[in-house]
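Copied over from TrEMBL, here are the features:
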ACT_SITE  178  active site
ACT_SITE  204  active site
ACT_SITE  300  active site
DOMAIN    8-125  domain 'Response regulatory'
DOMAIN    166-358  domain 'CheB-type methylesterase'
MOD_RES   59  4-aspartylphosphate
């Protein structure tokens, strides 16, 4: 896209008020413009043919044809970058996560009509997500494999990853992601065996969605996946996802690792921040951790991954070809923070191979 060419956006929402507000926000940005709006997917279908937009913003629930049905057809027949617009409800959360599985690049919550407080922050987030979507690699949805499918393909009598479950508690997998990260995280977690080390995850996601995200992953994985709680012990065979309202940090209490939540100000404009999690892992886990930075826009996590590497952790970055947005991994690679660059399909295997090579013996931090 040339420097003078604006990102063309088509907004699809059954609310005229939301369409008007989204148009005002988008047209207020110097590098994007709303080429058309549609009250439902059937109208949108014709407008896509007419305007050939770069990005579609799509309401989750609409009359005539809901957003999921339309998205599924769109990704099959004419794949394009889609940012879902979701309400903060349990049903809205579930539908949004399904939309990400189907190929949507990202999502935003609906703007709060009539409330000016926070509108500037919302406008910046929406614009950032549209910019990221315009640069994203759009892929058709991959089939979602459940834990049973992976267990069925495991070798009969396969040895556990670690021989001593007590010592394996000290090994950790630390993961950070942003745009495209929900599906990337799923692809990393689902193959992990039940005896895998604990996983701590910072994914840029607003409050309300992280619990649904964790519950959805928990139904797919052989490890237990949950939203992190302040002060809980970090256990092997578990993955802990940072809540959308707080930073997640690794802390120690005697011989145990503890999850610590903080409402400190955003770092790199994000809370949870990947840098915050990575730096805490560098401080408290050192050589006993493996750090992984996945797809996402911006630079959050790059400096923290370098801190982990300097502290003795083994670090991996997702490669450009498999990223939805090659931002955070690119920044980490440019800093020299990555020991290894791996494709997403290989990431889980590479992490487990590295952990196996570390052996059962805990290395003193």
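Every residue number used here counts from 1 along the chain in the order it is shown.
Glycine residues also receive a Cβ, built from the backbone N, Cα and C atoms like all the rest.
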| field | Per-state residue totals over the domain 'Response regulatory' (8-125) - DSSP helix, strand, coil | value | 54 helix, 26 strand, 38 coil
| note | Within 10 A of the CB of residue 204 (active site), the number of other CB atoms across every chain shown is 28
| said: For the domain 'Response regulatory' (8-125), report the average pLDDT of the model, please. | reply: 91
| query | Within 10 angstroms of the C-beta of residue 300 (active site), what count of other C-beta atoms is obtained when all protein chains are considered? | reply | 29
